[in-house]
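Chemist: Mind having a look at this structure? Questions to follow.
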C-alpha cells in the first residue's frame, strides 16, 4: 500500500509490540529520571550546605531550568524534522552523565582555573547545570518522540508510555534508597564530607542509569526510514494553529500549575523536613520515597481506567482538593508533631499522581490526531513548565535569608511562629496552584472528547 505522499506503507507499524520491545523502550529514560529525582530533591540543599547562599543556589537551578526550556523546544523541532532518535538519545545521555557528575562531584571550573571563590563556584555550577539540562532535554524529547514512530497501534503506544512511567517510579525509588543508605551511614558535618555524600549518591545514580540506557540502546531498534517517513512526512502544521485554540492555553495553564505543585514542593521538601520539622537526616530520603511509592501504586491503578474527558476533570479535581488539604497540613504542622509528615507524604503522593496523570492526558487530548505538531505542543508546554518552576524557586530562595525564616536550631514548636518561606514553598504555594489548576480544569470543555483506551492486558502483570 502506498500513502498519499508516495511512501510505501509498512503494515507492520500497526502490529502490537511485544513485551520485550515495550520493556527495552521503557528503561531508556532511567538515567534522566534518576538524575532528575536527585536534581530537584537535593540540588538546592547540597549547594547551600557547601557554602553557597540561597540566592546563588537558586541562580544555579534557574540557569539549568532556562537551558532546559529552550533546549526542549529546539530539540523537538530538530527531531521532528530529521529523526535519528537514538543518536539524539545517546548524545543527550553523554552530556547528562558528564555534567551531572561535575555538579555533584565538585566545581570542575574552579579546579581548572584554581579559583575557589563563591562567585566562581556559582558560575561553574551554573555552566554544568545548563549543560546537564540541555542533555536531559535532548534525551527526553528523543525518547518521547520515538513512540509514534515505533508503532501506530494505540494499545502499544499506551503500553510504551505506561512502561516508561513505571520505570520513572523505579528510578525515583532507587535514588531515594541510595540516599537513605548514604544519609543513615554517613552523618556528614563538614563541607568536604557533605560533598563526598552527594558524590557517592550521584556516581551511583549515573552508573545505574547508564546500565539501563545501555539496555535501551541495544534492545531498541531505530525506527526504519519507512516508519520515520510515516511519522515525519505529514503536512506541516504552523505554530499559529495552536495559538488560535483556546484549549491550548487552558491545557498549558493546567500543566504549568501541575508542575509547579510537584516540582516546587519537591525542591524544598528536604529543607522543610530538616530545618522546619527537625527530623533526622534519613528523612531527606524516606519522606520523598513514601511520596513516590504512593504515586506509583496510584499510577498503576489509573492506567487500568478507561478515560473520558469527564473522568479526567473529576480525577484532576480530586487530586487538586487532596493537595490543598495536604498543603495546608504541611504549612501548619509543628515540629513536635513531625511524625504526621509520613501520613501527609502518602496523601501528597496520591495527589501528585492524580494531577500528573490526568494533566498529561489533557495534552494528548489537545494534540488529538495532529501528530505532526505534537513536538511543538509538548516542547512549548515543557518550556513553560521549566521557566515557571525556575523563576518560582529563584524568587523563594532569594528571600530565604528573610528574618521570617525559622531558626534551624529551635525548629517550629508553635504554629504562630511557623511562617517560614520553606513552609510557604512546600505547602501553601503548591496548594494555591492546585486550587487554580482545578478552576481552569472546570472551564475546559472536554466532556465528549475520546481518550486513548486502556491496555488490553495489565502492563505490570
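Placed from the backbone N, Cα and C atoms, the Cβ positions cover glycine too.
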Chemist: Between 285-302, 339-356, 357-374, which stretch does TrEMBL give the note transmembrane segment?
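Modeler: It is 285-302 that TrEMBL annotates as transmembrane segment.
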Chemist: Short question: most Cβ pairs under 8 Å with the transmembrane segment (166-188), which of 122-146, 285-302, 424-444?
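Modeler: Stretch with the highest Cβ contact count: 285-302.
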Chemist: So which of 87-110, 200-219, 285-302, 314-333, 424-444 is most in touch with the transmembrane segment (247-273), counting Cβ pairs under 8 Å?
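Modeler: Most Cβ pairs under 8 Å with the transmembrane segment (247-273) come from 424-444.
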Chemist: Within the same chain, where does the transmembrane segment (22-45) have neighbours whose Cβ lies under 8 angstroms from its own Cβ atoms, ignoring anything closer than 6 residues to its ends? I mean 6 or more beyond.
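Modeler: The answer is 54, 57-58, 60-61, 64, 89, 93, 96-97, 100, 103-104, 129, 132, 136, 139-140, 143, 146-147, 150, 156, 159-160, 163-164, 166-168, 170-172, 174-176, 179, 198, 201-202, 205-206, 208-210, 212-213, 215-220, 263, 266-271, 274, 284, 288, 292, 393, 397, 459.
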